Amino acid sequence: MAEKKQWHETLHDQFGQYFAVDNVLYHEKTDHQDLIIFENAAFGRVMALDGVVQTTERDEFIYHEMMTHVPLLAHGHAKHVLIIGGGDGAMLREVTRHKNVESITMVEIDAGVVSFCRQYLPNHNAGSYDDPRFKLVIDDGVNFVNQTNQTFDVIISDCTDPIGPGESLFTSAFYEGCKRCLNPGGIFVAQNGVCFLQQEEAIDSHRKLSHYFSDVGFYQAAIPTYYGGIMTFAWATDNDALRHLSTEIIQARFLASGLKCRYYNPAVHTAAFALPQYLQDALASQPS
């Protein structure tokens, strides 16, 4: 039997992970990124951009449930949601499950990501692109948040790592723009890497976000194919009560929403804001 091909992630120089490739479904370099989707027996379809795993069919639900339901249920009455990135459609899928949301705007820099994900990762969007509340904007995220006249209750930055096209979504210009188009009491969240290996990302985001928001923190979730431990999500708002809501309040909102989740639940919501001591110490040691 011929040995299967292997795909090696290139995010880190001295260590990393690989996947056996059963079948390459799509591989093309666009104007912005090198995109590949392949099949793996353990994780189903895997999508990678510029040598870094972005999502897999098997564990994507953890990431998308936590990035969506934590801010939306903490907010409690979000009507207008902005997704930056998220071209695979899974973040959109989770937002559409909130029936009280009236409009969902997704800004994706690369139209190619959307088109090939609709074809090759249909389970991710699960038909959500056809939701009448949804609007797709092909634009740079920084440009959009600094130019739009729309305002939002929750902004979800489903960004890649701060390399290549995704780097701009970790800048002060982006965070300032998000604050500009966020309604009073609104919440901004963003993926912030695996903090054990990418701690500087969290520190840098915390420092920049603190210039624009009065309450900045992080919450976490364990996602197997994001190599290196616990994934960290940035959290920013001017309502410091939202990060400290009781499990009972979240439970009541969760039950009222009718959501059925595979990872998220109210107890996980509350616990996700408990950070490891090494991250707390690193954040506390930074100059104010």
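Cβ atoms here come from the backbone N, Cα and C positions, even for glycine.
Taken from Swiss-Prot, the feature domain 'PABS' covers 9-238. Residues or ranges marked as S-methyl-5'-thioadenosine binding site in Swiss-Prot (evidence: sequence analysis): Q33, E108, D140, G141, P165. Per Swiss-Prot, spermidine binding site is recorded for H64, D88, D158, C159, T160, D161. According to Swiss-Prot, the feature active site, proton acceptor maps to D158, an assignment based on sequence analysis.
Structure with Swiss-Prot features highlighted.
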| residue | record | Cβ contacts under 8 Å, 6 or more apart |
| --- | --- | --- |
| H64 | spermidine binding site | A90, M91, R93, E94 |
| D88 | spermidine binding site | M47, Q54, T55, E60, V113, C117, L121, H124, N125 |
| E108 | S-methyl-5'-thioadenosine binding site | G85, G86, G87, V114, L136, V137, I138 |
| D158 | spermidine binding site | M67, I83, I84, G85, G86, M91, Q191 |
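Around C159 (spermidine binding site), a 10 Å sphere centred on its CB holds 21 further CB atoms from the protein chains shown. For the recorded site, D158 (spermidine binding site), the DSSP three-state label reads strand. Counting in whole angstrom, G141 (S-methyl-5'-thioadenosine binding site) lies 10 from C159 (spermidine binding site) by their C-alpha atoms. Counting only the Cα atoms, the space from Q33 (S-methyl-5'-thioadenosine binding site) to C159 (spermidine binding site) is about 13 angstrom.
Its Cβ taken as reference, D140 (S-methyl-5'-thioadenosine binding site) is surrounded by 18 other Cβ atoms within 10 Å in the chains shown. Counting in whole angstrom, C159 (spermidine binding site) lies 12 from D140 (S-methyl-5'-thioadenosine binding site) by their C-alpha atoms.
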